[in-house]
Amino acid sequence: MSDVEIAVEKYHGAGNDFLVVSEAAASGDRAATEGSREDTADAPVGDRFAFTADRCDRETGLSHPDSDRTGADGVLFLAVDGEATPPRVEMTHVQPDGSVAEMCGNGVRCAALWGARELGLGVDEPADVVVVTPAGDRPSTVDDAGDHATVTVGMGRPSFAPWDVPLAPDHTTPLVEETVEGLTVTAVNTGVPHAVAFVDDVSAVDLEAVAPPVRHADAFPEGTNVVLAAPDDAGGFDQRTYERGVEGETNACGTGAVAVGAVARRRGLVGDEWVTVRPPGGPLEVRVTDDASFLRGPAEREFQTTLALQR
Ligand SMILES: N[C@H](CCC[C@H](N)C(=O)O)C(=O)O
């Protein structure tokens, strides 16, 4: 066993927060260019799942004077390919329960900002970065790549198809406004599954009580995120999300915001325009059309620190 030092950064998008570990350091690439190869071995983090569970814990996880919150909603293991045009950032998003999320809208914005910063892009003019996720490529544009950026992401085509959500095999048609475990939901996949419930007032619902039975319902063989939405007075929507993988409410959920837009459009509440969706952590802009969806919002870098790991 030996001690290995790794650099860890903390980012968040509308309060959905992530630790970021560079996989370039993992392969030794960055170490080679920085001339400190001995300090890093082949992978910066041997056991990604144990690392994520440990460092993301809200009580005992990673804390820092420049951050309000201990722990995080997950870890983004990122590798940048600066030779590609546009540059590509490969994202592996490990969640505190040990699962790997196929997509994460707030995480993609953070990954795009991280990639732009690594390459020194996005400062004088917007930078295009493609974030590569298990759910597909997510073309992103980073504006103002300092510590606080705005990132716009092409989120692909939301799907209500039962095999895409996915729903259990006895569901042969989309699940639209059906009652599942006491909550009336519409199921949509925006990179990951969401069960969206339109309610009168999102703050009047005990989300931690109503969401877990839906999250684990038989209708969703891979589980689902559970989203509450309510029209606000300004043509947008309030949003709250209980996340699979975090197993609790998060401050914001980007794929969930797009899910709210997709369900609102299906209900005829909005058209193809940009609309504002407001999770507790701050507003996000979403736009859904017949064959595409887009998410725009902040990405912020909070700090960088060094951790000594035993391997
Ligand atoms: N917070 C993320 C979603 C993570 C998805 C994950 N909770 C799952 O489906 O397992 C977002 O901004 O889109």
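Residue positions begin at 1 at the first shown residue.
Glycine residues also receive a Cβ, built from the backbone N, Cα and C atoms like all the rest.
Copied over from TrEMBL, here are the features:
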BINDING   N16, Q95, G105, N106, N225, E243, R244, G254, T255  substrate binding site
REGION    25-47  region 'Disordered'
COMPBIAS  31-40  compositional bias 'Basic and acidic residues'
ACT_SITE  C104  active site, proton donor
ACT_SITE  C253  active site, proton acceptor
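On the structure: features taken from TrEMBL.
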residue	record	contacts (Cβ under 8 Å, 6+ apart)
N16	substrate binding site	D73, C104, N106, G107, T250, N251, A252, C253, G254, G281
G105	substrate binding site	G13, V153, M155, T190, G191, C253, G254, T255, G256, A257, V258, L284, L295
N225	substrate binding site	V192, P193, H194, A195, R215, T241, Y242, E243, R244, C253, T255, G256, A259
Handout entry: substrate site, defined by N16, Q95, G105, N106, N225, E243, R244, G254, T255: further same-chain residues with Cβ within 8 Å of the Cβ centre
Key = D73, A101, M103, C104, G107, V192, T241, G245, V246, T250, C253, G256
Fill in the blank from the handout: According to DSSP, N225 (substrate binding site) sits in strand
Exercise for the section: For the residue listed as 'active site, proton donor', list the number of other Cβ atoms lying within 10 Å of its Cβ atom. Expected result: 30
Fill in the blank from the handout: A correct count of other C-beta atoms within 10 Å of the C-beta of T255 (substrate binding site) gives 31
Practice task
Find, among the recorded positions listed as R244, C253, the one whose Cβ has the highest number of other Cβ atoms within 10 Å in the structure shown.
Solution key: C253
Fill in the blank from the handout: DSSP says G105 (substrate binding site), in three-state terms, is helix
